[in-house]
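> I am attaching a structure below and will ask some questions about it afterwards.
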Amino acid sequence: MSTVAEHVRAAPSSVDRPRTYEVRTYGCQMNVHDSERLTGSLEAAGYVSAEGAEADIVVINTCAVRENADNKLYGNLGHLAGVKRRHEGMQIAVGGCLAQKDRATVLEKAPWVDVVFGTHNMGALPTLLERARHNGEAQLEILESLETFPSTLPTKRDEIASGWVSISVGCNNTCTFCIVPALRGKEKDRRPGDILAEIQALVDDGAVEVTLLGQNVNSYGVEFGDRQAFGKLLRAAGAIEGLERIRFTSPHPAAFTDDVIDAMAETPAVMPQLHMPLQSGSDRILKAMRRSYRSERFLGILDRVRTRVPDAAITTDIIVGFPGETEEDFQETLRVVEAARFSSAFTFQYSIRPGTPAATMEEQVPADVVKERYGRLTALQERISHEENQRVVGRTVEVLVSAHEGRKDGDTRRVTGRAQDGRLVHLDVPEGSAEPRPGDAVDVEVTRAAPFHLIADSVDGAPLRIRRTRAGDAWERAQADSCGVPTPATGASAGAAPRVSLGLPTLRVPTTASTSAPVGDGSAHPRHRA
């Protein structure tokens, strides 16, 4: 193991002050969710947020889906090397999918990194940091399989009103462009009772909205032999008192069945929103991607959803420039996008990911061709997004106010949140009106539309119609009591046989106890975007 003695001097003792941390997140909602668990684990071990100041510990939670993820990581690590030289006792940790994939390469390229951990052992981070600090030596720990389910780790949620709930981890699909199954393993499903208990715990903690997470949520139940388990789970979650909004991501078109559409339509708490990855509109390219569906099936799913859930906002993922993609293939993608009328799309230029079947395919598309096609696709989708948003102008929508969505709210006297269909809404607070708290719900009339958001300006200066919620109450309590930290749960006894723990999470528990709690063995912590 490489030494980091030349990069790390002894850190200040924790009796002087708690050490501070910052978690930087790249990638999907799974990673956002994982970062909440990393944050919770650090706070359970006595670390405190740097709150924008220069941190003693910087944790980078990485993504491996695109080539620029590597460039972004090593660019950030290069910058942090200079910071670390002047910041006594600073530590740097790299985790997530890219760490799982590259392993020792991270330390070879950036020997000033203190800890490298993977997707299967997030709960070990506090222990690895303490070990690296004590030994003056970098710690590399990558596990090949999941030991503790992520949802059982302590958590610190960014949004009190909303929470992520993992229903499964891993993926059984074999898409030729995707590295995720190799890094996160085969699908493992949680039991429905554990999921519902976690949702109830989140609601008890103030949440009014949850997003169910999985690499392929509608294959949920495959491990325990119930192919309609996901639809049943939606209905059961919808029966939890106090839970107002349910979302989920991401389904797979090949396994998306009508019982799920029925559950969406018949469960009031399930929001009129669907993220359905297309990837390509060309049947030939879909076959090369091993996507197991074709464009007409995909469009048929959207038609059935819109029949049962009118005005559903449907979003998607699209890859441009997959190996072998011709202009004719790309035109098929444009055709399907025009027909699908997505409210928005996450669009990507294909990049080679070593370790995937697509990386060795012939007919890699030249970068300049990919870039030109990408520009045409994004222009088309931006026009469609604007047109779809304009259809909402004049309607009254309920907005769940967010604490973090708006970036200019202080300058514009607006607050920001999400409508029930997931659209971002900036709403004006008229002079003299009460201001909604994060977590409160506000009924507003949409007055303007842009491609990526809606605006609700006051037309008559009347006070906002605010519905105060339990989530707003919880936010207010959190503002008054900012010393709460997650409490770690206990794991199996030493020497027990390895297994995957599928238990429940530990949520925020306000306490007046010292935040310099001893660091325990990471394997003893039960565990909880992507």
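Each Cβ is built from the backbone N, Cα and C atoms, and glycine gets one as well.
Pulled the feature table from Swiss-Prot, pasting it below:
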- Cys28, Cys63, Cys97: [4Fe-4S] cluster 1 binding site (BINDING)
- Cys171, Cys175, Cys178: [4Fe-4S] cluster 2 binding site (BINDING)
- 19-134: domain 'MTTase N-terminal' (DOMAIN)
- 157-387: domain 'Radical SAM core' (DOMAIN)
- 390-460: domain 'TRAM' (DOMAIN)
- 509-530: region 'Disordered' (REGION)
> Other than Cys171, Cys175, Cys178, which residues of the chain come within 8 Å of the [4Fe-4S] cluster 2 site, judged by Cβ distance to the Cβ centroid of those residues?
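Not counting the recorded site residues, we get Asn173, Thr174, Phe177, Ile179, Val180, Pro181, Gln215.
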> For Cys63 ([4Fe-4S] cluster 1 binding site) and Cys178 ([4Fe-4S] cluster 2 binding site), what Cα-Cα distance in Å is obtained after rounding to a whole number?
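That comes out at 12 Å between the alpha carbons.
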> Could you measure between Cys178 ([4Fe-4S] cluster 2 binding site) and Cys97 ([4Fe-4S] cluster 1 binding site) for me? Cα positions, answer in whole angstrom.
12
> Quick one: mean pLDDT on the domain 'TRAM' (390-460)?
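The answer is 91, the mean pLDDT of the model over that range.
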> State the count of C-beta atoms found within 10 angstroms of the C-beta of Cys171 ([4Fe-4S] cluster 2 binding site), not counting that atom itself.
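A count of 21.
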> Check the binding-site residues Cys28, Cys63, Cys97, Cys175, Cys178 for other C-beta atoms within 10 angstroms of each C-beta and report the one with the most.
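Of Cys28, Cys63, Cys97, Cys175, Cys178, the one with the most crowded Cβ is Cys97.
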> Distance check, please: Cα of Cys175 ([4Fe-4S] cluster 2 binding site) against Cα of Cys97 ([4Fe-4S] cluster 1 binding site), rounded to an integer number of angstrom.
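Approximately 17 Å lies between the Cα of Cys175 ([4Fe-4S] cluster 2 binding site) and that of Cys97 ([4Fe-4S] cluster 1 binding site).
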